[in-house]
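Chemist: Grabbed the feature section from TrEMBL, which reads as follows:
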type: COMPBIAS; residues: 474-486; note: compositional bias 'Acidic residues'
type: REGION; residues: 465-486; note: region 'Disordered'
type: TRANSMEM; residues: 21-45; note: transmembrane segment
type: TRANSMEM; residues: 78-100; note: transmembrane segment
type: TRANSMEM; residues: 193-215; note: transmembrane segment
type: TRANSMEM; residues: 221-241; note: transmembrane segment
type: TRANSMEM; residues: 273-298; note: transmembrane segment
type: TRANSMEM; residues: 310-329; note: transmembrane segment
type: TRANSMEM; residues: 341-362; note: transmembrane segment
type: TRANSMEM; residues: 403-424; note: transmembrane segment
type: TRANSMEM; residues: 436-456; note: transmembrane segment
């Protein structure tokens with residue numbers, strides 16, 4: 001009788017976990033939808049702002065006239081200044097990311113997510129301000145620092161260029177790691193790569209779908225809709241997003257000490273596998289941030305993309321993201337494991353970047369769309385890397401781990417935009433090689449990443465399912481665990497349902513340091 005009672009509670013717990021995960025995905029979707037509405041105009045209006053300086057204050061439409069010299073000069077200046085602000089913010093974020101990740105292990109995830117949304121509300125108003133004839137772009141640069149949080153989404157190379165500024169905004173920008181930590185709170189280790197992929201897909205879909213719709217509206221209407229979504233994000237985080245940190249894992253507040261970031265990210269160097277993955281994060285962060293910092297300006301001035309083209313490209317990328325991250329990631333992980341996914345992603349990055357080199361010599365828009373296919377595969381790298389690291393990290397250190405990952409991204413993301421923007425400013429309209437050179441460098445670095453991905457040594461082995469179950473929960477509950485997992489839908493399937501009736505509703509399977517007992521395979525050091 002007691003056992004039947006526990007069995008009846010399990011589906012309710014599983015549905016509760018599913019609702020929590022959906023709430024997190026919804027917040028990610030809204031966050032990127034708000035930026036997606038602005039993205040088709042952001043690159044163009046920032047270029048126009050600086051282009052006016054070369055025309056004695058006279059306005060110019062760089063969307064309709066991208067090859068005008070004033071627009072080319074404005075594009076280079078916008079890219080350079082954007083990279084400087086981004087570099088400053090990334091360095092500050094490097095210090096704050098591990099601290100916030102650690103703090104979320106103690107105080108919970110929700111409060112940091114709520115504060116992050118509140119800090120961003122003024123962004124669309126700052127864009128409307130500098131679009132005015134006498135407006136200043138400085139408030140926009142200040143508020144764009146918060147955009148630093150989504151590195152993301154380093155595996156989401158569709159975000160518009162990010163800018164950085166004061167320390168207050170950096171504090172709230174570093175919640176990307178907190179969101180990932182919140183996902184690990186409610187997702188069992190076996191399905192974390194899939195969960196990270198769904199989070200990634202929600203970001204891309206939110207961004208791309210709204211970017212496609214945006215060109216159908218005027219610039220003023222776009223900013224009004226964006227402002228409404230920013231306000232909705234605050235309400236969603238406050239009312240709908242739950243606290244995911246299990247009550248039994250809350251640490252005493254007196255135990256939290258502020259460590260220096262170098263000590264906090266030492267978690268990334270606890271094994272040879274972690275070190276290799278950290279190097280991959282570093283390389284991909286430098287290149288992805290650097291190339292995308294200039295890519296939107298490049299597509300506008302070299303290939304001739306206008307606002308409609310950007311919107312169509314975003315929609316196409318969104319469809320590919322749903323296919324790649326929402327549908328293909330889980331089967332790929334099961335077939336080739338996380339290492340195989342990382343290898344495929346690095347090869348996709350190499351092919352995509354090499355293809356951009358070709359657009360300097362053959363500036364055709366259809367070629368850019370074709371390159372979105374391998375780029376879709378490249379976006380699978382970060383979910384696989386995050387999942388590999390989370391498997392071997394104790395539950396109480398998940399926030400610290402995700403914060404350390406984002407801190408590593410931040411410091412290397414500071415280098416890429418500066419270097420690649422310098423290469424971009426050296427570009428001349430008559431020299432096709434000068435236009436292609438930044439992407440040639442990126443292709444070489446991605447090729448190194450392919451070699452590192454192949455060096456990861458993953459040993460496939462079969463561990464009895466009941467042994468795995470014993471490590472995560474008591475024998476009595478595990479008898480019925482597997483059938484329930486099969487009955488659920490896609491999202492239900494990735495949620496851990498191993499809790500007993502007596503346990504806290506939010507408690508979950510404890511990952512064991514150094515092994516992956518809840519899986520049918522394990523990973524050795526390189």
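These residue numbers are counts, starting from 1, taken along the chain as shown.
Cβ coordinates come from backbone N, Cα and C, glycine included.
Note: TrEMBL annotation is automatic and uncurated.
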Chemist: Please check if the transmembrane segment (436-456) comes into contact with the transmembrane segment (193-215), where contact means 3 or more CB pairs closer than 8 Å and the residues in each pair are separated by 6 or more positions.
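Modeler: Not in contact, no.
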Chemist: The transmembrane segment (310-329) and the transmembrane segment (21-45): do they have three or more Cβ pairs under 8 Å, with pairs 6 or more apart in sequence?
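Modeler: These two segments touch.
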Chemist: For the transmembrane segment (273-298), which partner among 193-215, 310-329, 403-424 gives the most CB pairs under 8 Å?
Modeler: 403-424
